[in-house]
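S.K.: Here it is, the structure, as structure tokens.
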Amino acid sequence: MVASVRVILGIIGCTVCMLLYSAPILTFKRVIKEASVGEFSCIPYILALFSCLTYSWYGFPVVSSGWTNLTVFLISSTGVLFEISFISIYLWFAPREKKKLVILILSLVLAIFGMTILISILIIHTHHVRKVFVGSVGVLSAMLMYSSPLVAVKQVVRTRSVEFMPFSLSLFTFLTSLIWMIYGLLGRDPYIMSPNCVGCATGILQLVVYCIYRRTKETPKTWNNMENDMEMVTSCKDVTGHKP
């Protein structure tokens, strides 16, 4: 019974996780349209890539016993493809200074992941110890990923604007964390359960902050707001034939 519920939760978790991974598509559609990354940071996507890479390896039979964590492997591998796409777009449109920082952090993350693979294959020779080692790295990577939105929360509080913290992203972060936390609990897997407890907490925090600041009457002039104002002026000019 527990195994069946866990499989169902895994399927639901994969579905919600796909929504979480695809949520930034609108953001990067805007980046492509405006040919600029503006004030957006790439660090959350690099940390997400680190987490997806680590849990893809964690779910692989070399680490887990057989395909007991097949759903973890599948959704994490899908996440790797999404995050690589987002980071590539960011690098294409980012200015030189931001590119250097992104490449530096990305290189560090890939080096750590490469070392994790080499140690788990060449030095560790049992599934149990491999699972403990890779799972510990996975917990660290997932906690970094789930903590990264706190930067956006700080920006929302500072600017009193929710522009850079989309509601869909906050909601799917909470739902994904909740489902995978229960999945890990049912499977008695602390390496899946514990980081998603942190994800639940940060997800709730984001939703609370969003509810507090979403009705702020005066939104500060940001990069996006000023461009919207220019579009409105242009529209008025087209309709009336003269400047308003």
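These residue numbers are counts, starting from 1, taken along the chain as shown.
Glycine is no exception: its Cβ is also placed from the backbone N, Cα and C atoms.
Not measured: the values here are computed from a predicted model.
Straight from TrEMBL, here's the annotation block:
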- 6-28: transmembrane segment (TRANSMEM)
- 40-58: transmembrane segment (TRANSMEM)
- 70-94: transmembrane segment (TRANSMEM)
- 101-126: transmembrane segment (TRANSMEM)
- 132-152: transmembrane segment (TRANSMEM)
- 164-186: transmembrane segment (TRANSMEM)
- 192-213: transmembrane segment (TRANSMEM)
S.K.: Restricting to the same chain and to residues at least six past its boundaries, which positions have a Cβ under 8 Å from a Cβ of the transmembrane segment (101-126)?
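M.R.: Here the qualifying positions are 42-43, 46-47, 49-50, 53-54, 57, 62-63, 87, 90-91, 94, 133-134, 137.
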S.K.: Count, for each of 40-58, 70-94, 132-152, 164-186, 192-213, the Cβ pairs lying under 8 Å from the transmembrane segment (6-28), and report the range with the highest count.
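M.R.: Looking at each of 40-58, 70-94, 132-152, 164-186, 192-213 in turn, the most contacts to the transmembrane segment (6-28) are made by 164-186.
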S.K.: Cβ under 8 Å to the transmembrane segment (192-213), counting only same-chain residues 6 or more beyond its ends: which ones?
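M.R.: 69, 72, 138-139, 142-143, 146-147, 149-150, 152-153, 156-157, 160-162, 165, 167, 169-171, 173-178, 180-181, 183-185.
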S.K.: Which one, 40-58, 70-94, 132-152, has the most C-beta pairs under 8 Å toward the transmembrane segment (164-186)?
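M.R.: Ranking 40-58, 70-94, 132-152 by Cβ pairs under 8 Å to the transmembrane segment (164-186) puts 132-152 first.
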